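Down below is the structure, laid out as structure tokens.
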Amino acid sequence: MSVTVIVGAQCGDEGKGKMVDLIAQDYDLVIRFQGGDNAGHTVVNQYGTFKMHLIPCGIFNQNAISLVGTGMVVNPDELQKEMKQITSAGMSVDNLKISTRANILMPYHRDLDELNEQSGGMSIGTTKRGIGPAYAGRATRTNIRFGDLAHQDYLKSHFEKVLPAINHQLSFFGAAQYTVDQLCEYCSNWYKLYNEHIVDAFTLIHNMMKENKRILFEGQLGVMKDIDLGIYPFVTSSNPIAAYAAVSSGIPARSITSVIGVAKAFSSQVGDGPFPTEVLDNCIVSLRGTGKNIDDEFGARTGRPRRLGWLDIPVLRYAHTINGFDTLAICKLDKMDSLPEIKICTSYRYQDQILSVFPDTEILGQVKAEYETLPGWECTTRGVNSFDDLPENAKSYIKRIEELVGVPVKYIGVGPARSDVIIR
């Protein structure tokens, strides 16, 4: 039995979608285990170019089951758009399954998210997709789940209980309110759309484990956005770490046989929060591109330009400590082809002392990044399919990352497509 987890080792946007698309070709079940449609996984393969927000990137292996997992909050309307994107490319979604326990992100969740951001009281630059309110609803047990869609009487009773408080919040902002009949109609329509896809995920996963099937878990965002261990409060509302793959799916933690951490060859971040290695001059900013190319540094969901900086080794070490990476995938090495020299942040300095542990948010905003400088390679790595064929300075850069983090780099991305990966 093989149970592999792929997670982001930075702040998201590392290239997880591409790596899942590649690695999922050898798996029987691919599970998105947390998050919602607030971030996207970009995939480029023989079927076309796709920006996936909810559906696991394993959907492109038509012989595997792709599961929208229990730990997710799912906007049914956005899910339908993605399904149409897949079928329009000539693929089937018959292998797409949805956990009965996956929470449904309702229209009022999005309303509340946007209203909270607009109020300016505690704006952290969210995507306004309703993720925070949906996870809050899960914690307060006011949400409904996909399994509930089959029970109209229960839904009516549930909304009669919870809707007054929700409408009270909406009225505070002067926003439009909802009726019970309106929400029940939404649910009736969603049930017609998804009835054949809804499954008992717990039983499905355990049955496949008993059959020694290969299972791949796909995380969203990255460890630095973890609600508990990330750069709080500039975080998401779930746990995009390897351990949560087991927690949200109901499998023993020891069932996980390998963890792959995905990182970019540099650093990026969308939204607010401390960013010790951020660079504002043209050297790094030129890597962003214009937004016209699929691999330019703009958010897959929001289209916002990403903040950019040098590779941050303290972040990768921290991510490794939390997740226990067996291997790393370093993506977008090709984006650095034009740089004459490359810096790596090896440590943080705070009040004239080198920090030995990863700091809390307040201190992180005050640290000074300590760098070492390596020569660039100033030639293209696009089209290279062997580590030995990389420029010497590019190989040295990868080896230095391995030395500093203490994890072998198995995968190296040198372009946006599934085929643009060197496997060592």
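Cβ atoms here come from the backbone N, Cα and C positions, even for glycine.
For reference, Swiss-Prot has these:
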type	residues	note
BINDING	12-18, 40-42, Arg306, 332-334, 413-415	GTP binding site
BINDING	Asp13, Glu14, Gly15, Lys16, Asn38, Ala39, Gly40, His41, Thr127, Arg141, Thr236, Arg304	IMP binding site
BINDING	Asp13, Gly40	Mg(2+) binding site
ACT_SITE	Asp13	active site, proton acceptor
ACT_SITE	His41	active site, proton donor
BINDING	Ala300, Arg301, Thr302, Gly303, Arg304, Pro305, Arg306	substrate binding site
Shortest C-alpha distance to Gly303 (substrate binding site) - which of the binding-site residues Gly40, Thr236, Leu333, Val414: Gly40
Candidate nearest Leu333 (GTP binding site) in space, where candidates are the binding-site residues Asn38, Thr127, Pro305, Arg306 and distance is Cα-Cα: Arg306
Euclidean distance between Cα atoms of Thr236 (IMP binding site) and Gly15 (GTP binding site), Å: 18
Packing count at Thr127 (IMP binding site) (other Cβ atoms within 10 Å of its Cβ): 23
Candidates Gly40, His41, Arg306 (recorded positions) - the one closest to Lys18 (GTP binding site) by CA: His41
Whole-number Å value for how far Gly40 (IMP binding site) lies from Gly12 (GTP binding site) (Cα to Cα): 9
Whole-number Å value of the largest CA-CA distance among Asp13, Glu14, Gly15, Lys16, Asn38, Ala39, Gly40, His41, Thr127, Arg141, Thr236, Arg304, listed as IMP-binding: 34
Spatial neighbours of the residue listed as 'active site, proton donor' among the binding-site residues Asp13, Thr127, Thr236, Arg304, Arg306 [C-alpha, 10 Å]: Asp13
Pairwise Cα distance for Thr127 (IMP binding site)/Thr42 (GTP binding site) [Å, integer]: 17
For Leu333 (GTP binding site), the number of other Cβ atoms found within 10 Å of its own Cβ: 25
Which listed residue (Lys18, Arg304) has most other Cβ within 10 Å, given these are binding-site residues: Lys18
